[in-house]
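Copied from Swiss-Prot, the annotated features are:
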BINDING   406-413, 452-456, 506-509  GTP binding site
COMPBIAS  68-82  compositional bias 'Polar residues'
COMPBIAS  85-159  compositional bias 'Basic and acidic residues'
COMPBIAS  166-213  compositional bias 'Basic and acidic residues'
COMPBIAS  221-234  compositional bias 'Basic and acidic residues'
COMPBIAS  258-274  compositional bias 'Basic residues'
COMPBIAS  275-288  compositional bias 'Basic and acidic residues'
DOMAIN    397-566  domain 'tr-type G'
REGION    52-312  region 'Disordered'
REGION    406-413  region 'G1'
REGION    431-435  region 'G2'
REGION    452-455  region 'G3'
REGION    506-509  region 'G4'
């Protein structure tokens, strides 16, 4: 640090040098102009000057004034302003030096006491820890002794319990035997008593019959005399006849009651405590049962009411397709289009009569208007054609379908040529030039089908169309080169398709071959050898010398055996298009790999947008064949056009229906393509949400250096939450290639380039598939845009915000709206057509909508604080004086990724 001289200090405090030298001398510090000044000397000079010129003031007073304007309401709705001035005074007193020293000494003593207390606490804690350890040791010894005693007691109890259980079982067996003997004696006694009762009943009945025969004559004379007495007195006779009729009727009632009560008991619940009603109901039922014919009908007709139910609105069965216009929906329901538009407005959707609405919206509107809805799928014809097929029931093992992938010049073609030349049957017409993109080889352990596809284009395009044709991927890596960029791309494609990988380490016969280096490099990309605990087989081969080819084929068959590949051999065939082209003399030609069933010459096939009858079939040798089973590639002729690679091939029954399905698919192709383009847009990813599932943002990342790739990948993966996850489908160093674009199209991913650009072929794929391609040079911009896309996929948070409060002062009736509350707005603003709550004693008693809002008989949209208004609550009339009406609105708060 530079020393401060007297001259520089004088310049700093703006005083002459001679005067400053004199002041130093007066303070007892002799100095010259060029001498240095220390901080201690500055303090000494300052203290000298304070003593000489007087000390600093003991008090300091500060004053502050603030002015504001207050607006208060006046009469007539006007307001006036009042000026308010607030004055504040604050005095600061300098502390006495002796008092300061005393306070400092007290603070020092307090700190020392706290330190002493802390040291004592530490000592106490140590002693307590030692005592606690001793107690725990003693308790542990005691617990061990108790546990041993309990185990001994448990062993004794177990032995005694076994003896007790044996005694209990013996006692239970004896008890069951005694109970069975008692039950047998009781049954015999009941049978004897029943027999005696039946004999007594027969004896009484015989005596009654005999007495009736003996007294029959006496009873007849008495009845005759009684009839002559009745004729003498008409009134007595009439009353007696009436009583007899009533008695006879009562006997009928009593007789029928026992029969009808059981039948009506379950259907008619009986009320307790109302005996009169019960007996009356029983009497009515018994009389109805006793009368027959006309009486029963007359009773039913007399109880029938004359009121007839009014006719209901006609409920129709409405068939709705995937899309429908509002006008067509109205015609199907036989109502006016304005009624449908009104119903949609009630549901919160605005539409015109010619607007196309989706199936779900149309279903909601039709059901809201009381009609029954039947949903019709547009692809019913396609489903009917696909379901009308003969398929065999028994599945058999099939040959694996293998795709060979790898970097350029690593020996893919040489490996294929060697396998073809040694394993394919001799007599191939024209040699290699006759192959059709796929061939199969026969080995001692089984058959293998190889797809001879250039690069990864066909592999990825088939996966993009949903056709999983490949079972196993053979990754060819040169032992002298190791892992190269296209090797990494092949690994990413295989992982995205979830296909097992068998690694063929080629050029093993070269001197610079390093097998361990290849294993180490591949393990960094998730391809672990079996000897390292992974799942991938590493086979050293040489396509030039033929070393290890048989081991490679056996490894493929072993992997296929683990996968348990099976297919139905009989029935109509189905498969996938490997490649297709237009031949000048033969027309559209397609190479088909059969997956299930048997493809025969003359079958009618449906292939994507094309259809036709198989006029000819050729195998990979160029020979005519009549049929092809599972995992067999063939070349077929007879299609109406050239299909796309990866299209599904299906054999159907009817050529006419196949043509209709093909035309329907052509019409739907544009809609599907637009939907896929819209789905892959970064800004529209929030529209692809479904409640209750985890959303994914798929990214294909390319950067200029490996460090940038790793940094960006880590940053993107850290953005993942429980609701939205970032998935890196593929990443690498270098420009964006056609393979990257095809991978992004197959995975519905966005392409991100960091300091790199796309080549011409990649731009062509990006334009044709309308992929979302982003270029960045700043990593923070990349992270922010992906974070914004993820935030758009989060569902918004709904929040209720109270905007106004009104107090009910009076209630009056309106013929149009019912009860109208005369209110004074006490807080905020009351807005029309907003949801409200009615509060009574600070308790919510109703929640609904504000229907009418008036001020001085004029309809208004809002009423502000301090004004009176009339409020009509929709569908609610129980408004009382003193209630509070709370108006609120629901706002959506967009969530974001933190």
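Keep in mind that glycine also has a Cβ here, set from the backbone N, Cα and C atoms.
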Candidate with sparsest Cβ neighbourhood (10 Å radius) among 409, 412, 508, the listed binding-site residues: 409
Long-range neighbours of the compositional bias 'Polar residues' (68-82), counting only residues six or more past its ends (CB under 8 A): 866
Long-range environment of the region 'G1' (406-413) - Cβ separation under 8 angstroms, sequence gap at least 6: 475-478, 481, 484-487, 490, 506-507, 543
Tertiary neighbours of residue 406 (GTP binding site) (same chain, Cβ under 8 Å, six or more apart): 412, 475, 476, 477, 486, 487, 490
For the region 'G4' (506-509), the mean pLDDT of the predicted model: 86
Three-state secondary structure, residue 406 (GTP binding site) (per DSSP): strand
DSSP-assigned states of the region 'G4' (506-509) in counts, ordered helix, strand, coil: 0 helix, 1 strand, 3 coil
Within the compositional bias 'Basic and acidic residues' (166-213), residues counted as helix, strand or coil by DSSP: 48 helix, 0 strand, 0 coil
Helix, strand and coil counts within the compositional bias 'Basic and acidic residues' (85-159) (DSSP): 63 helix, 9 strand, 3 coil
